[in-house]
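Visitor: Relevant sequence annotations retrieved from TrEMBL are reproduced here:
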SITE      Arg16  site 'Transition state stabilizer'
SITE      Lys23  site 'Transition state stabilizer'
SITE      Arg153  site 'Positions MEP for the nucleophilic attack'
SITE      Lys207  site 'Positions MEP for the nucleophilic attack'
Amino acid sequence: MPKRAVIIVAGGTGTRMNSKIAKQFLPLAGKPVIFHTFEAFARFDSEMQFILVLFPGLIDQWEELTKTHNFKLNHTVVLGGEERFHSVRNGLEALAPDVEIVAIHDAVRPLVSQSTISKCMEAAEKFGAAIPVLPVIDSIRKIKGSTSIPIPRHELVAVQTPQCFKTDLIKKAYQASYNIAFTDDASVAASANFAVELVEGNRTNLKITTSEDLAIAEALLAYGKEK
């Protein structure tokens, strides 16, 4: 089995939630959102390398939370950069030399399934790069001036994380200069002419960005315990 790692990118704030607490630190079912995220990957492979990318202003709060909740999972904290691109690049630089496959994951996606992690890791090992996606359910329109035009939704997918790569591939891709078009790691890989394999994501792998998202995550966790 190849040596694996996960880079958990936790650069968000609580702005859209009108919260003074960074969204990855908000309580979810009795503990911070980000702890659920760590635990999901630890259940998959407790021996992988864990790297957490944080803004400097959040380090003290993180350390306090680890003490309060007796968080013992071994991990490396890396400082975030100006954009997500720079934060991920900083995380990649902290990888151990023997890591062959790396997952890059949003800290605020705490409900990622074991199946999604497994499929992405295995596809990355086989193809070099893999991301989880879902079919678009809603109708989509593109705004064009003062009007809008429909876009065939069967041509679109919604992209999630973890986005998984062979380490040498994604490190090479991240040697590029920052471009505003780099909205995720797959776009960085594609810009370096690497093909990206698509695997099926999971609907519960929501990205917590609003208070409504947090409430949905609470309900999903409660539902899971009842089953």
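A Cβ is built for glycine as well, from the same backbone N, Cα and C atoms used for every other residue.
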Visitor: Highest Cβ count within 10 Å among the recorded sites Lys23, Arg153, Lys207: which residue is it?
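Guide: The residue with the most neighbouring Cβ atoms within 10 Å is Lys23.
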Visitor: Lys23 (site 'Transition state stabilizer') to Arg153 (site 'Positions MEP for the nucleophilic attack'): how many Å between their Cα atoms?
Guide: 30
